[in-house]
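Below: the structure, in structure tokens.
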Amino acid sequence: MEPDAPGRRNRLFWIWLGGLTLSLLGTQVLTYSLTWTAAGISGALSGFVLTATALPRLLLAMPAGALADRVGPWRIMLISDTTMFLVAIATAAVAQLTSSATWILVVIGLCIGTSDAFYRPSSGAAPRLLVHTSYLGQATAARQTINQVVGFVGPALAGIVVATFALSGSGLVSSATFLSMAILLFLCRSSLGQVEPRESSRPFLHDMWAGVTTAFKLPAVRTILLLLAATAGFVLPLTTLLTPLIGHERGWTGGQTGLVSGSFAAGLGVAALLIFFAGSSWLSRIPAVAGLLVSGSGIVLVALAPQFWLASLFAAVAGFGAGTFTVRSAAALLRDTPEEYTSRIQAAALLAQTLPVLVTNNIFGPLSDFFAPTAVTLGCGVTASLIGVIALIVRSTRSIG
């Protein structure tokens, strides 16, 4: 790949990020609308749809990363957005023609999950192609900020669209976002300095397995992935599982409980914005893993907070700590990854942040029934804090980011 001037590459990053925002919004709108429609039929169907959406991400992440390293992330994103455009159009057509074929909702969920499994490793690798190495920290912070904004806006927008136009309208709205991104990717293909398809005499499975072994052979990459897995396992359940359980336990309303969960995302977004605007000059003096200690301490305080507004404040602290670590470690992961393995390592990072949540959610749920949600949340916070302390003591982890 011939390097473009840093300024031109950085400008192209912002164009790509704008298109990515549209694509992520489209995925949010379509997924939420699909789940909402399924929930209106039965809880079981809603669960099947969610599983159909999530399962391909687990099964196909590494093959998707290996394919992106062979043919280039740009091509995978273009194919994925084009596919999602067709899926969204098909969703609108099916929803308009029939409302009784419930199995179609599961099929659409599988299509969304499959496309997303290929899209995420490629979009995670894209900043390395689009910005100079010195800007990777700010680029990953900007991308994380967009993820948080879309996380806030997406469900609300989807709720309005599906309530007004039903599933068929959601399909049409989301199709426009995917088509816009696909056109953008096509028009910018020559400006990127695209990675040419890599000829390989080795079997595809060999390339996929090489991504796994490389992730564990490189000390810096291995350390970051293990810490990301620990963060996912003991920090992320706060918003997905434990906060709703605490809300029921303490008699908070749905809105109050939602504010606590949203505060975590807000804190994470603030951390990403701070890293973006401040850069890494003074932040480099503070170890990234200190964020794990801050996050764990915030979770402990959430467990002990008697009022929802206090819990919201402490959840924001926990989110800020988690964001400080994840954003800076994401940039370090891109820097420490050999270029030919970029998408595969991004796929490994996706697995490192997905599998632990699935495991711990299914452990912490029953434990909350037995010991009470407060005790389990307290245990998560203490564990995350201990991991942060150990990471600060060990030289190899203290230098991350």
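Backbone N, Cα and C define each Cβ position, glycine as well.
Curation plays no part in TrEMBL annotations; they are all automatic predictions.
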Which of these ranges is annotated transmembrane segment in TrEMBL: 12-30, 202-220?
12-30
The recorded stretch from 12-30, 36-55, 76-95, 173-192, 224-246 sharing the largest number of CB pairs under 8 A with the transmembrane segment (370-394) is 224-246
With a cut-off of 8 Å between Cβ atoms, can you find at least three pairs linking the transmembrane segment (76-95) to the transmembrane segment (224-246)? Only pairs 6 or more residues apart in sequence count.
no
Do any residues of this chain, six or more beyond the ends of the transmembrane segment (149-167), have a C-beta under 8 angstroms from a C-beta of it, and if so which?
21, 24-25, 27-34, 36-37, 91-92, 95, 173, 262, 265, 269
Cβ under 8 Å, sequence separation of at least 6 from the ends of the transmembrane segment (36-55): give me the contacting residues as numbers and ranges.
95, 102, 105-107, 109-110, 112-113, 116, 158-159, 162, 166-167, 354
